[in-house]
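Q: Questions regarding the structure given below will be posed in turn.
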Amino acid sequence: MSNDEFSDNERLKQQSQLLRGTIKEDLHNELTGGFLGDNFQLIRFHGMYQQDDRDIRQERAAQMLEPLHTVMLRVRLPGGIISPQQWLGIDEFASQHTLYGSIRITNRQALQLHGVLKRNIKPVHRLLHQLGLDSRATAGDVNRNVLCTSNPVESRLHHQAYEWAKKISEHLLPKTNAYAEVWLDGEKIAQPEEEPILGNNYLPRKFKTAVVIPPQNDVDLHANDLNFIAIGDNGQLTGFNVLVGGGLAMTHGDQSTYPRLATELGYIPLNATLAVATAVVATQRDLGNRANRRNAKTKYTIDRLGIEVFKAEVELRAGLAFQPLRPYAFSSRGDRIGWVEGIDGKHHLTLFIPSGRLIDKPGKPLKSGLAAIAAVHTGDFRLTPNQNIIIAGVSERNRAQIDALAQRYSLIDDTVSPQRKSAMACVSYPTCPLAMAEAERVLPDIVDRLDAILIRNGIADRDVIFRVTGCPNGCGRAMLAEIGLVGRAVGRYDIYLGGNREGTRIPRLYKENQPLEEIIRDLDALLSAWAQADNPDEAFGDFAIQTGIIRPVLNSSIDFYLQD
C-alpha cells in the first residue's frame, strides 16, 4: 500500500517523531486553551483527549470565545488496582485542579479526570509520576489499559491473573521516551529509537486486552481484541485460553461496520503468554487496515483474512501451536455488592458507584467518603469493569471501622435496586465530543422508570442488563446488553434487544431512532410481557428471543443488519 492510500492518522503518526510532535511547544501557546494540528490527536497516545464543555459551547461562541478547551486524562491501572495513597493524591488533584471536581471509574478499570485545563496538564503528569502511576497508552492506536477480573474471593488465582495482566500491560507499552520528555522533562534520547512490538507507526487502531477469570465475565471479554481466559487447577493458574477479535464499535449508516464476538484460538501454557500477546499484536500491526479507520480494528482483519489464516500467522510468529481449548463457562457479569470473605481470611467490601462517578452531592458525599476510607485503609482499592470499587484486604480488626465510614458517607445504600446495579452508561454529554445523545446524565431517570415498571409487575427483585451509550462507538458496551440504547440524536436512540446475562450474545436492532418517551412505552410493554410469562429462571434477553420478539444474532459479520 502506498503512502497516498494511508489514512491521515497514519501520516501524523509517521511524522510524529515517535509521538513527540510539537506538544512541548503547544504547551507554551497561551493564545488557545487547546492543542493544534496533529497534537490534537497525538496527546491521545499520552492518555488524554481534548474536550470542551458542550453545555456552554454556543454561549461562548456568541461571546466570540473559543470553546472551553480542557483534556480528559485517563490513568493507567492494569487490572484496576490502586493503593490508598495513590488514590488520595488523585483525589486531591481532582478537587483542586479540575473543573468538575470528580473522579470517574471507567468500565476498563482506569480512572478519568475530566476538566483539566492546559496549565494543569504538566502538573498532573508529574503528580502521577510521583505516585508511581502514569497515563501512557490509555488512548490512541496502542494496547490500552489491560483488564483483569475483579475476584477478591479467589485471592490466589486472582493475584496470579493480575500479575499477568500487569506483565502484559508493561510488555506491550510503547517504548518511546516521548512521555518522559514531554511531561517529566526527561533527558532526550540521542540514539535512534524503535518500537519493536507496536512498530514506529503504532497499530492501525486501538487495541484492547483482558485477562478473564471464569465464571465471572465482568470484563466483557467480547469487547476486546485479545483475551486470556484463566485456566486453573486447584486454585493455581496453569495457562490461558486465547480469544481474539472482539469489539463493539460501529458507525451509523455503514454496514461494513458491526460489533463482533471474540473467536477462540486455543489454549497456551503460562510461559507462552507474552509471546502470543506479541504475535497477535504484531499480526494486527502488519495486516490491519491502515487506509480506512472504520475497518481498522482486529475484528475486521480476522473477517477479511479468515480466522484460520489469522491463527496460523499468530502461531508462526509465536513459534508454537495452540493446544485444544480447556473447558470454561461464564455465569454472570455483575459485582457482588457488600462484604465477602476471601480464602485468605481477609474481608472485601464492594461499593456500588453510580456510573463510576465519584463526586460529592447533597446527601451523597461519595468522593469524600472514599478519601476518608483511603486515609485509614491498609489494603488496596480494586476498580471493577462495572465501575464499582472494592475496598480489598480488610482485616477482621479493621472491618467495623471501614463499614462505619462507608455507612456515614452513604457509600453503602441498601435501597439501591437490582436494576440500578445492572445499568451502565458512557459519559457522553457534556464533555465527550462524539456524543449524539445523553447517556450518564439521563441514566438515573431511565432506571427510575424501569424500576417503576418492574415494581408494578411484581418483579422488583429481577433485573435486566441495561446499557446506554451516547453514540455507536460502544464505550457504554450496549452491544453486549439485554437491552441497549445507542444514541442517534439529542433525545433519540436505537433500541437493541436480545443480548444475554453472560455477555456472550450480541443484541439486534429492535427499533431505530426512537424518542425517549416512546422507548419507555416500548420497554413497559416488553418487561410486562416478561413478567407475565412468570418464569423467574428466564432472563429477559433469552425471553425476547424465545418468544420471537427478536431474532438472535448468530454471526454478526453476516446477519447483524438482517431484519425480519
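Here the Cβ of each residue, glycine as well, is placed from N, Cα and C on the backbone.
According to Swiss-Prot, the feature [4Fe-4S] cluster binding site maps to C426, C432, C471, C475, an assignment based on sequence analysis. The feature siroheme binding site is assigned by Swiss-Prot to C475.
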Q: Restricting to the same chain and to sequence separations of six or more, state which residues have a Cβ under 8 Å from that of C432 ([4Fe-4S] cluster binding site).
A: Q51, C426, G470, C471
Q: Output, ordered by sequence, the same-chain residues six or more apart from C475 ([4Fe-4S] cluster binding site) with a CB under 8 Å from its CB, or 'none'.
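A: C475 ([4Fe-4S] cluster binding site) has long-range Cβ partners N107, C426, V427, T469.
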Q: Show, in sequence order, which residues other than C426, C432, C471, C475 on the same chain lie with their Cβ within 8 Å of the centre of the Cβ atoms of the [4Fe-4S] cluster site.
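A: Neighbours found: V427, S428, L434, A435, A439, T469, G470, N473, G474, G476, G487.
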Q: Let me know how many other Cβ atoms fall within 10 Å of the Cβ of C471 ([4Fe-4S] cluster binding site).
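A: Excluding its own Cβ, the number within 10 Å is 23.
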Q: Within 10 Å of the Cβ of C426 ([4Fe-4S] cluster binding site), how many other Cβ atoms are there?
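A: Its Cβ has 25 other Cβ atoms within 10 Å.
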